[in-house]
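Taken verbatim from TrEMBL:
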type    : residues       : note
BINDING : D34, E35, D142 : divalent metal cation binding site
DOMAIN  : 28-251         : domain 'RNase H type-2'
Amino acid sequence: MDFSELDRDNTGRCRLSSPVPAVCRQEPCVLGVDEAGRGPVLGPMVYAICYCPLSRLGDLEALKVADSKTLSESERDRLFVKMEKDRDFVGWALDVLSPNLISTSMLGRVKYNLNSLSHDTATGLVQYALDQGVKVAQVFVDTVGLPETYQERLQQRFPGIEVTVKAKADALYPVVSAASICAKVARDQAVKSWHFVEKLQDLDADYGSGYPNDPKTKAWLRKHVEPVFGFPQFVRFSWRTAQSILEKEAEGVIWEDSLTGDQEGPGRIMSYFSKGPRTHPRLPHRYFQERGLESATIL
């Protein structure tokens with residue numbers, strides 16, 4: 001996989017894909033969807049699709065693909081190489097979602113939770129395959145949230161395609177297993193080759209599994225938190241584990257619109273038009289105070 005685009009900018013999202021086999025534009029195809037890295041506090045989340053003609057599904061099964069979680073890293077790498085060699089009938093595509101994108105989405109003024117981000121990413125990849133000319137006839141998806149709700153949503157979005165959403169689909173359907181291998185191989189490679197834009201002293205890659213309950217991961221987070229600027233962009237700062245460390249180790253922040261001790265609160269809007277004397281005189285906006293500006297009484 002060529003991660004040069006991700007190396008240039010790992011603050012957003014990056015899409016990678018294989019060439020579309022000619023047969024996949026000619027025959028009805030089955031497509032699987034799965035992800036890797038949903039839970040870790042470190043690194044990106046990767047969504048992947050894998051597809052092949054229905055007539056060649058037996059050949060895909062013959063590769064002995066399996067749920068990526070049941071395979072060692074070397075086994076996943078070996079199977080991915082096999083799929084790459086079978087480009088005449090197997091295709092894949094994936095989206096790499098950076099930690100920065102995940103966190104800013106979840107903590108934005110308009111909340112965009114991880115389930116919604118996952119659903120939209122999976123939908124976008126299926127649409128991408130269709131846009132590339134793949135004749136998708138069946139889609140199998142490893143669920144996020146309630147499978148019935150997710151399936152209904154996808155079925156409405158793609159009415160001409162037979163959609164099946166199930167829990168543990170990566171263990172039930174070989175084409176989803178193949179997608180899970182693509183996603184996991186891509187995430188592992190992205191994490192290993194992550195380009196830190198921050199100038200970190202004593203940077204080490206010994207951060208354990210990256211999952212929030214891993215003591216080694218927590219120790220890495222505590223080591224690399226910066227009191228003012230927080231974590232490097234490799235960290236999902238929206239995760240509770242990261243937030244707890246920030247609360248303990250980082251400096252507090254007073255925002256520009258925070259009230260100072262001698263300022264009034266907002267009060268009721270009608271109080272600004274009352275005729276009676278003010279108990280607490282209303283101070284000018286801080287813009288005028290900081291610049292020493294006063295109201296002009298004589299023009």
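Backbone N, Cα and C define each Cβ position, glycine as well.
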| Around D34 (divalent metal cation binding site), which residues of its chain at least 6 apart sit with Cβ under 8 Å of its Cβ? | Y47, A48, S68, V141, D142, A169, D170, V176, S177, A179, S180, A183
| note | Close in space but at least six residues away in sequence, with Cβ under 8 Å from that of E35 (divalent metal cation binding site), the same-chain residues are M45, V46, Y47, A48, S118, T121, A122, D142, V144, S180, A183
| note | Counting across all protein chains, other CB atoms within 10 angstroms of the CB of D142 (divalent metal cation binding site) number 26
